[in-house]
Amino acid sequence: MSTELQSELIQAVELRRNFAIISHPDAGKTTLTEKLLLYGGAIHEAGAVKARRAQRKATSDWMAMEQQRGISITSTVLQFEYQKCQINLLDTPGHQDFSEDTYRTLAAADNAVMLIDAAKGLEPQTRKLFEVCKLRGIPIFTFINKLDRPGREPLELLDEIEQELGLQTYAVNWPIGMGDRFKGVFDRHKQQIHLFERSAHGSREARDTIVELGDPRIEEKLEQSLYYQLKNDLELLEGVGPELDLQLVHEGKMTPVFFGSAMTNFGVELFLKYFLEYALKPGSHYSSVGEVAPTYPEFSGFVFKLQANMDPKHRDRVAFIRVCTGKFEKDMMVNHARIGKLIRLSRPQKLFAQERESIDVAYPGDVIGLNNPGVFAIGDTIYTGQKLEYEGIPYFSPELFASLRNPNPSKSKQFQKGVAELREEGAVQIMYSTDEAKRDPILAAVGQLQFEVVQFRLQNEYGVETILDLLPYSVARWVEGGWEALEKVGRIFNTTTVKDSMGRPVLLFRNEWNCQQLLGDHPELKLSAIAPVFSSQQPVEE
């Protein structure tokens with residue numbers, strides 16, 4: 001590798017940060033995302049993208065159904081600069097029915113921001129997503145939101161995180177008051193109080209007054225009771241709380257905690273500044289040839305998301321690529337690990353929700369969009385130089401099943417195309433009956449809303465109305481060893497055998513009891529709630 005390229009890669013990695021936000025629905029994720037973009041200069045007013053009509057819709061919620069319902073149902077990538085750093089914000093679905101899409105997004109993230117509602121504390125979806133971060137070893141930064149509303153005591157919230165998640169906590173800032181009495185936050189590192197003025201509905205950057213802790217004006221600006229409460233809290237934190245240890249943070253054992261209000265912009269910029277200082281830079285990725293450092297001179301990356309029809313005018317399909325190593329350049333030739341072919345990466349795009357612009361280069365930590373004419377699948381690796389392949393992204397056990405019918409034979413081509421493209425992008429898992437006479441696809445989902453999205457998009461994007469027939473199953477298990485292992489068992493009862501999109505056998509059960517009964521009768525049968533990962537395997541066409 002040339003010294004010039006080595007220096008270029010080191011500098012690029014140094015200036016990049018990459019993170020996803022995880023939260024329970026209604027914790028304020030979309031609002032926090034908007035405010036981070038506001039401070040990053042990517043938008044001038046929260047809810048309106050720079051150079052776009054003032055539609056006042058959330059920047060990250062671009063899909064028609066999202067804007068109709070006011071919920072986030074698909075992950076997007078939002079890229080912006082702040083203090084010379086290139087930040088890739090991997091926005092995840094806020095609705096719990098789309099946790100699988102969130103998991104795929106976390107595969108591309110170096111850090112996670114755990115957003116918590118101060119009134120509610122830890123909630124079920126947050127706990128689930130924390131476990132995913134823990135499995136992947138992703139550092140977690142906590143932002144406790146909605147301090148401008150009545151909520152639980154800050155010390156109680158820290159204790160809940162420590163007791164339930166097993167994480168040490170370090171409060172980087174500390175709230176002064178809560179609800180109507182919320183006055184700002186205290187920066188423990190700089191020993192400064194940030195007193196905030198409310199901006200117009202939080203749509204503009206908040207102006208704050210910074211006062212040193214020993215400044216005599218503090219008692220004038222704060223109610224006496226709040227001032228003494230702050231002093232007592234700080235003494236307690238210093239006396240019993242741990243010191244900040246960035247090694248523990250990067251190992252996922254300690255979480256820096258920030259308090260604020262995304263709606264009114266309190267504490268958002270302070271969080272962003274410290275996040276850039278503390279967060280992991282793009283690091284090594286495990287591959288078929290071992291760990292590969294981001295400064296490895298050859299280019300490599302993997303597909304973590306596919307999205308069809310981001311631009312309905314052009315009926316396009318985009319593959320989201322996380323750059324892992326080396327330098328990406330427009331029109332470069334790369335090896336496609338799964339299909340074993342050389343392909344040209346033309347028309348690369350920088351992504352900003354639905355907005356896109358052409359780019360010429362990208363570096364480790366960046367996410368780029370590539371037009372996807374049926375070449376890419378989720379989990380695919382592309383590379384130059386020595387052959388390598390990154391770990392695939394597994395599918396998880398769905399809990400709801402339904403047969404999808406097309407009542408209009410004249411729309412069969414559009415129906416098949418729509419189902420195939422939605423399957424490829426992971427909108428829902430698709431399975432098929434082993435009975436060749438039954439051609440209707442079986443949708444397998446984590447939540448009911450996934451079914452609604454599939455039907456909505458088939459009609460909105462492909463012009464196909466469909467009929468959904470719910471099936472009486474709630475448990476799916478993949479058979480380890482495939483069809484051969486299943487044939488050795490012989491005839492089995494109280495289960496239905498189907499095949500997934502890769503042609504692998506899956507057993508569907510009405511309940512967990514039926515599943516356990518089968519395992520009791522056939523202990524030699526090995527079942528898995530997670531689909532085996534074979535990134536080189538091709539989907540079957542039905």
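Just so it is clear, glycine is given a Cβ too, placed from its N, Cα and C backbone atoms.
Look at Swiss-Prot and you will find 23-30, 91-95, 145-148 tagged as GTP binding site, backed by sequence analysis. Per Swiss-Prot, domain 'tr-type G' is recorded for 14-283.
Ranking the binding-site residues Ser23, Thr92 by how many other Cβ atoms lie within 10 angstroms of each Cβ puts Ser23 at the bottom. A strand conformation is recorded for Ser23 (GTP binding site) in the three-state DSSP classification. For the domain 'tr-type G' (14-283), the model's pLDDT averages out at 83.
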